[in-house]
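Have a look at the structure below before the remarks.
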C-alpha cells in the first residue's frame, strides 16, 4: 500500500499516528529510561501535540473541498514550522562549545509559577537550562536532531496531503 495514493483522511490519520507514536516514545523515555525533559524538550512535545491535534481534526473532518484540505495542510505546516524552530534552537544550544554555555536555569515549573506565559516562553528560548546536555543518541543524532527531522518530514507530509490534486470522486 502506497500512502502517497491514499485519500486525505487516511494521510492525515497517518500523520496523527506518527505524532502520537513520537509522543508515546518521549513519555517512555522519561518514565522508563529516566531522562527528564528540559524546557525546550517540553516545548517540542507541545508542538508535536498541536500537530497531532491538527492532523486528527483534519482526518475526522475530511473536508470535501480543496480549500479546506489546503487550510488543514497549511495549519499543520505552521505547527510543524514552530516545532522546527524550537528544535533548531535546541540543536544550536547543544552544539555550542561548553565554555560558551550559561548556567542552568530554573525548572519550567518554577518559571510558570513566577512569570507570565510569554515571559516563560521568552526565558526558555533565550536561556539554556539543561538543554545543552546530550543524554541520548540514535545513529549519531541527539533527540532534538531527530525531532527536527520528524518536524521537517511531517511538515512536508502535511503540505503534500493538503495540496495533492484529487480528481472527482468516483462511485466505482
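Yeah, the Cβs are placed from backbone N, Cα and C, and that goes for glycine too.
Given the structure is predicted, the values throughout are model-derived calculations rather than measurements.
Cβ neighbours of residue 41 (disulfide bond) (same chain, under 8 Å, six or more residues apart in sequence): 26, 90, 131, 143, 144. According to Swiss-Prot, the disulfide bond annotation covers 38-41 (among others), on the basis of sequence analysis.
The feature disulfide bond is assigned by Swiss-Prot to 104-131 (among others). Mapped onto three states, the DSSP output places residue 131 (disulfide bond) in coil.
Positions annotated as topological domain 'Cytoplasmic' by Swiss-Prot, on the basis of sequence analysis: 1-11 (among others). Residues 58-60, 62-63, 69, 157, 160-162, 164, 166 of the same chain sit 6 or more residues outside the topological domain 'Cytoplasmic' (1-11) yet have a Cβ under 8 Å from a Cβ within it.
Feature annotation from Swiss-Prot assigns topological domain 'Periplasmic' to 29-46 (among others).
Here Swiss-Prot flags 64-70 (among others) as topological domain 'Cytoplasmic'. Tertiary proximity for the topological domain 'Cytoplasmic' (64-70) is limited to same-chain residues at least six positions away from its ends with a CB under 8 Å from its CB atoms, namely 8, 58, 161-163, 166.
According to Swiss-Prot, the topological domain 'Periplasmic' annotation covers 89-145 (among others), on the basis of sequence analysis.
According to Swiss-Prot, the feature topological domain 'Cytoplasmic' maps to 165-172 (among others). Averaged across the topological domain 'Cytoplasmic' (165-172), the predicted model reaches a pLDDT of 58.
According to Swiss-Prot, the feature transmembrane segment maps to 12-28 (among others). For the transmembrane segment (12-28), the list of distant contacts is 3, 6, 37, 41, 45, 48-49, 51-52, 55-56, 58-59, 72, 76, 147, 150, 154, 157-158, 161: same-chain residues at least six beyond its ends, Cβ to Cβ under 8 Å.
Feature annotation from Swiss-Prot assigns transmembrane segment to 47-63 (among others); the stated evidence is sequence analysis. Within its own chain, the transmembrane segment (47-63) has Cβ neighbours under 8 Å at 8-10, 12-13, 15-16, 19-20, 22-23, 26, 69, 71-73, 75-76, 79-80, 82-83, 86, 147, 150-151, 154, 158, 161, counting only residues six or more beyond its boundaries.
Annotation source Swiss-Prot lists transmembrane segment at 71-88 (among others).
Here Swiss-Prot flags 146-164 (among others) as transmembrane segment.
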Residue 38 (disulfide bond): tally of other CB atoms within 10 A of its CB: 25
Collapsed DSSP category at residue 38 (disulfide bond): coil
